[in-house]
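Feature list (source: Swiss-Prot):
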type   : residues : note
REGION : 23-43    : region 'Disordered'
REPEAT : 121-160  : repeat 'ARM 1'
REPEAT : 161-204  : repeat 'ARM 2'
REPEAT : 205-244  : repeat 'ARM 3'
REPEAT : 247-286  : repeat 'ARM 4'
REPEAT : 287-330  : repeat 'ARM 5'
REPEAT : 331-370  : repeat 'ARM 6'
REPEAT : 372-409  : repeat 'ARM 7'
REPEAT : 412-453  : repeat 'ARM 8'
REPEAT : 459-499  : repeat 'ARM 9'
REPEAT : 501-539  : repeat 'ARM 10'
REPEAT : 562-601  : repeat 'ARM 11'
REPEAT : 603-649  : repeat 'ARM 12'
Amino acid sequence: MEMHMGEAPGSVKVTEWQQSYYGTDSGIHSGATTVRSDDDGTEYSSKKFTYTTTFTENPAEVESQLNMTRAQRVRAAMFPETVMEGSVIHSTQIDPSQQTNVQKLAEPSQQLKAAIVHLINYQDDAELATRAIPELTKLLNDEDQLVVNKAAMIVNQLTRKEASRRALMQSPQMVAAVVRAMQNTTDMETTRATASILHNLSHQREGLLAIFKSGGIPALVRMLSSPMDSVLFYAITTLHNLLLHQEGAKMAVRLADGLQRMVPLLKKSNPKFLAITTDCLQLLSYGNQESKLIILANGGPEGLVNIMRTYNYEKLLWTTSRVLKVLSVCPSNKPAIVDAGGMQALGKHLSGSSQRLMQNCLWTLRNLSDAATKQDGMENLLQVLVGLLSADDINMLTCATGVLSNLTCNNTRNKTQVTQSNGVEALIHTILRASSKQDVIEPAVCALRHLTSRHPEAETAQNAVRMHYGIPAIVKLLNQPYHWPVVKAVVGLIRNLALCPANQAPLRDADAIPKLVTLLSKAHQDAQKPGSSAQRSYQDGVRMEEIVEGCTGALHIMARDPMNRGTIASMDTIPLFVQLLYSPLDNVKRVAAGVLCELALDKQSAEIIDAEGASAPLMELLHSSNEGIATYAAAVLYRTAEDKNPDYKKRVSVELTHSLFKHDPEAWEMAHNTVMDPVLGDEELDGYGPAGYGGYADGMHMDPLDPEMQDDFRSGMPYNSMARVYHDY
């Protein structure tokens, strides 16, 4: 009795609702669609009658037959459903490939009729859904899981049609009921149906807003842990649509721990599913440092690199490369990507047919390369990069030269590999073709500077620059309008080229000496201008003291050549070199003492050095803790004292012996060798200056890219000498 008095079972309620609303099948119960597919064009134009074309030798009889059947033909063409089945209609169509005028006129009427029928059915769908919404909402909130399941199936069918879908998304109560049902049910079929409903609604902006307002995002994020693949697909696709088009969705997904659930999905094997997942990661991490760190903490770099290494589905590779590009500007993610083999995995896709994938990989490699200077196994990548130097695309050249510059910095193996791969010739041709493109020229010159020093093939590289007619082009880069970062790189390269005796004459013939002296004088004047040191230190990110040091160091090496020594001294440079001995920077003191050491080999220059009062600062420098400074100072003092009276020479000898050589008698002989070897400080590995130039400490020497540019690429990104972190792009 209590059972009869209580609430009816769920199945009974569904049956009662069906009977109260519909006397006939509405299409919901059976799943029949309201509008039949008319893909084959037969629904409204199928001919259940036969056209016959009769040929006779009597024209009058033919004309009579056609006149009698004219109305019948028009009616059959315009309203084919009015013709009785089995009727025979005479046709005037002679050529089956050409329509008659009546047939042509009938087409618009049939199209209009079809449109009217579709419109009627559309309106029927909308009205049906509108009437059903209140009751369906109630059923979705029912405690009986069977009722909820049946209601979810019905709503899922309704959301597959545009009219009913629009009606449903305009009901906040309905959408909220779907979200609650998805969260609360333990039935997988109900979960799949409700996830499908939200997926269908997410194709319109109104649906996205309804899902967002109803708290659908946290529910969808929880569905990312579902064991059912179809639920996973519906959830990730719906979230993807929300991230793309719904304002506030990104923050909501982050707050719901969406990233923590998405990153493990990278282990799935469906390429299309992975493409959507990686695009979600890109949308969430772009411009958000916290999201990048969450991806790192959940093993994202390893999963992303594995995708680049394993799959060949272009869209997946492209979306994955976009995520890596965003992560590659994060100082924490950068080494993780490199350690996971990211450089090699990205390098695999530099020779494919997809231009957008290649560009993404190049930008990412460019961002990562300063953290990969110690990586092994770069041979294939380096060869590909050298090959890309022949490209005409400015973005490819910018990236390829930048990566080569970083990977050859303080890495003997990479320097040798690039040199043996004809990298020097390719870089010179790149410089010649780049003209005024300074964002290409600077890294190309930096790469050449690295290749021409401190590795077994350095002398080969120095000779290759000359043999491929690179010296005149390189010296020209000292002129304006090239920016200071380019000038600084060129000065360092000239110094390295001068280490090869065969390059001394070509450098002199290219007017390298007067250009270096002019540049040195200008930089020294700029460095001495009144004002705070912070204000005068940098121009385009380059300290003028670094230019002073670089020019003096280059002149030091060029002064090894007797003819060059005379040219340098004749340009009234000795007073400036003596003045540089008072510099507060040890690097400047060292190169100044070094060039004076070479110039002092000529008697006339030695007399000028002494007359300029160099003895006092040189005596002071004998006590320097920098071995190079002390050694050069001793050599200059010894050479300038050779023509002095015996008492002076004795005093100098005693001072030198006491201050510099009391612990190493043999060093005295080394101090006055005819040619002093340049002393390389630790900071001069592949550059010069307090921080070294070539290492690209925390990023490459390039301006940040426009943060709004996610997929497009632009060229005008001038380098400067400051190591900096990239913004997202």
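Here the Cβ of each residue, glycine as well, is placed from N, Cα and C on the backbone.
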Region pair the repeat 'ARM 10' (501-539) / the repeat 'ARM 8' (412-453), three or more CB pairs under 8 Å: no
Rounded mean pLDDT for the residues that make up the repeat 'ARM 11' (562-601): 95
Secondary structure composition of the repeat 'ARM 3' (205-244) [DSSP: H/G/I, E/B, coil]: 33 helix, 0 strand, 7 coil
